[in-house]
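Sharing a structure with you now.
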Amino acid sequence: MRNRGVHRCIISVGSSNAAHVRRCAVSCCTLASANLARRDLTSSSAAHSNSGTFRDGRFDPYNAIIADITSSSTSSPSGAATKGRLKGWTAAIKSNICIRDHPTTCSSAMLQHFKPTFDASAVSLLRQAGTDIRYITNCDEFGMGSNNIHSVHGPVRNPASPRSESGPIWNLEEERVAGGSSGGSAAVVKAGLVRFALGSDTGGSVRLPAAYCGIVGLKPSYGLVSRWGLVSYADSLDTVGVLAKTVEDVSVVHSVLSQNDPHDPTSASQQARAAAATTVETLISALPSSNSSQPLKGLRVGVPKEYFPVELHPRVLPPFRRAVAGLEELGAQVVQITLPSTPSALSAYYIISSAEASSNLARYDGVEYGFHTPSAPGHHAYAATRTTAFGDEVRKRILLGTFALTADAYDNYFLQASRVRAQVQEDFASALRIRNASTKDDKLTARDQEGVDVILHPSAVDTAPTLAAAMQPGEPSAAEYVQDVLTVPASLAGLPALAVPAGAASDDGWPVGVTLVSQWGCDEVLLHVGKHLQTQLGT
């Protein structure tokens, strides 16, 4: 018998906390806009044109590819092409992940000529496994955005059109965004140009594009996949994620990437990895065989009531209900849970991530490397360089973060956001009955039968926005920020999250996704559940 509380929750769209969510997002936007106005910054139309790309002359109807490196001699190390778990697998890499001797621009004019002299650890592992790396993909500038429209190369178009099998609609009123910030990586996977792609996920930048494009996207547990060679946006939140058409493919790639890395000080220790592996093995071994008619019997899945704010469009609900029904048919017990700090998570995320970005991006001064404006004298060159080379969204977040760290604002903004983050982490720990292998504090772990193993929620509040709506002049950032409202809590908690396609919306035909979340280090649990769910849904 289905849990009535869960079904009441997903039938009734809206909650008493939704207004709070909206106010939080608006406050971030208003604060940043006010700072921009006071500083009278102007964007450079030449540096941030929506028509300019450099794609080595290759026609790319989705504007997803920055560079084609298929013929590169550095595609894979000697011998890797003939062996390895990923032999013959084609891949694309987001342009904020370093690839030796190839442009790593972060889709920014600031790094338009930057070519690293080393591979990111994730890229090195892919090469060693025999991967054929073909493309560098477009993204929101420095990973900041939810629509992949904040790019020096222009917006990425969504290949998942239900009305055209041959390419983009070429109509801004109908054409949709691919999601951000890893929209280019999602687009090349959806278009069938590569088997999988790497993206980065700070607050939803892999999961949101996966949902909008109708593919699978994994944000790993923080620290499981090395960040060495990933251009920093927000160090305490950044992760390297995987996008592919199937959970099975994501699982294989993740197993290659999930390695301890001495280059990365935030890389999870071998001890924590071993403890997590033991937990995963215990949980999965307690489930029936995959050949069973109910392979998830005994699994408890929680649906948080706070994940249905008024911003959630009703067309998202039918595919979500099908996912709930699918899990129940697979034997899982689905129950309603509460994550009470969710309404405050969005504003906390934007304050914390912007504060970290303001520090990380201070290094781009036009002196040591990066874009430089020679016309301005002395210290004015610093301001002129950053004003010209950074896009509007990046400048806005730098200013918001800088303000939040000032002596006058620190207590009211950054400190409060950090407290909210701790509350979000406690909420997840209380809801999940699996021990957190990254901490020795068992007080934050639910040990009784009321806890759940996995959490399920809609991936996004709606299907992909149209390009016309997303790029409308004067469109407030709050509308874009709210797209992250369902993805940022798992990021603040450092937990793994897997976006799985759940089918198409009945009215507009565009993809809808659902997301599975579990305890830190339980990525394999999500992948195990996700494989069965994707098969059950036929997506």
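Here the Cβ of each residue, glycine as well, is placed from N, Cα and C on the backbone.
Per Swiss-Prot, active site, charge relay system is recorded for Lys94, Ser181, and the stated evidence type is sequence analysis. Taken from Swiss-Prot, the feature active site, acyl-ester intermediate covers Ser205, and the record attributes it to sequence analysis.
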Within 10 Å of the Cβ of Ser205 (active site, acyl-ester intermediate), how many other Cβ atoms are there?
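So the Cβ neighbour count for Ser205 (active site, acyl-ester intermediate) comes to 36.
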Return the single residue from the active-site residues list (Lys94, Ser181) that has the minimum number of other CB atoms within 10 Å.
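Sparsest of the active-site residues Lys94, Ser181 by Cβ contacts within 10 Å: Lys94.
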Rounded to the nearest angstrom, how far is the Cα of Ser205 (active site, acyl-ester intermediate) from the Cα of Ser181 (active site, charge relay system)?
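Rounded to a whole number, the Cα-Cα distance is 5 Å.
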Take the C-alpha atoms of the residue listed as 'active site, acyl-ester intermediate' and Lys94 (active site, charge relay system) and report the distance between them in angstrom, rounded.
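That comes out at 11 Å between the alpha carbons.
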